[in-house]
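According to Swiss-Prot:
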DISULFID  Cys37-Cys248  disulfide bond
DISULFID  Cys85-Cys95  disulfide bond
DISULFID  Cys100-Cys106  disulfide bond
DISULFID  Cys155-Cys238  disulfide bond
DISULFID  Cys160-Cys221  disulfide bond
DISULFID  Cys168-Cys184  disulfide bond
DISULFID  Cys188-Cys197  disulfide bond
DISULFID  Cys198-Cys208  disulfide bond
SIGNAL    1-19  signal peptide
Amino acid sequence: MATPLLLVVNAILIMAITACGGGGGNGGIQLIMVNNCGESVWPGLLGTAGHPTPQSGGFHLGAGEEAALEVPAGWSGRVWPRRGCSFDSRGRGSCATGDCGGVLRCNGAAGATPATVVEMTLGTSASAMHFYDVSLVDGFNAPVSMAAVGGGVGCGTAACGADVNVCCPSALEVRDREGRVAGCRSACRAMGGDRYCCTGDYASPSACRPTIFSHLFKAICPRAYSYAYDDATSLNRCHAKRYLITFCPPQPS
């Protein structure tokens, strides 16, 4: 987790970017990614619904580092943390969680589950509202949050700030080579079936209700999607030019 000094440095960086008007030009939206984890994270990125994938789909973000990128207005996509990665000079390797085919730059490939996912559909000049959330529908592998920089109109924070791995049921655990819990699968990913995945006869909000596992995820991370139809308390709406995505966000004291 972050040290007090690191949090101060991050705050100064964000204020400087905001004051100087960096990013968000030409109608684009700036995404600032901050790694407050005590180890490296390799963010994975994927444009959805035909939208481009920025940064060729992935990059390395060391402990305490920040990166800023711009996506166009109307962009739709997802961001997720990859952890426990090792890549050679050609960008080939693997990650313990969130892997996208054994490459550094995912280039249009989605991440393997379990992974905590930030999802967003950004507005345009014709429809300015942005929608975003943090989802555990694909499971959990790291705490993540997304919030507008400097606030905004009707903005909230999407987050799963707790370490779900600590209390992951054994049936959902994914362990690394050292035997440590590296991720927590969703019930859909672990057990399958229409009831857990909200598919087939359960493919509607009225038919697909939260399971005991969804209730557990929601109790730990009340501001994140715990299952497919968890919109009421998980989907955020905002109109801002810059957003901060934080891996391992600081916990309230």
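Each Cβ is built from the backbone N, Cα and C atoms, and glycine gets one as well.
Note that this is a predicted model, so its numbers are computed, not measured.
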Cys95 (disulfide bond) to Cys248 (disulfide bond) - Cα separation in whole Å: 18
Where Cys188 (disulfide bond) sits in the secondary structure, as DSSP reduces it to three classes: helix
Local Cβ density at Cys221 (disulfide bond) - other Cβ atoms counted within 10 Å: 22
Collapsed DSSP category at Cys197 (disulfide bond): helix
Integer Å distance between the CA atoms belonging to Cys100 (disulfide bond) and Cys85 (disulfide bond): 11
DSSP state at Cys248 (disulfide bond), helix/strand/coil: coil
Spatial neighbours of Cys208 (disulfide bond) among the disulfide-bonded residues Cys37, Cys184, Cys188 [C-alpha, 10 Å]: none
Cys197 (disulfide bond) and Cys184 (disulfide bond), Cα-Cα, nearest whole angstrom: 16
Closest of Cys100, Cys106, Cys188, Cys248 to Cys160 (disulfide bond), Cα positions, disulfide-bonded residues only: Cys248
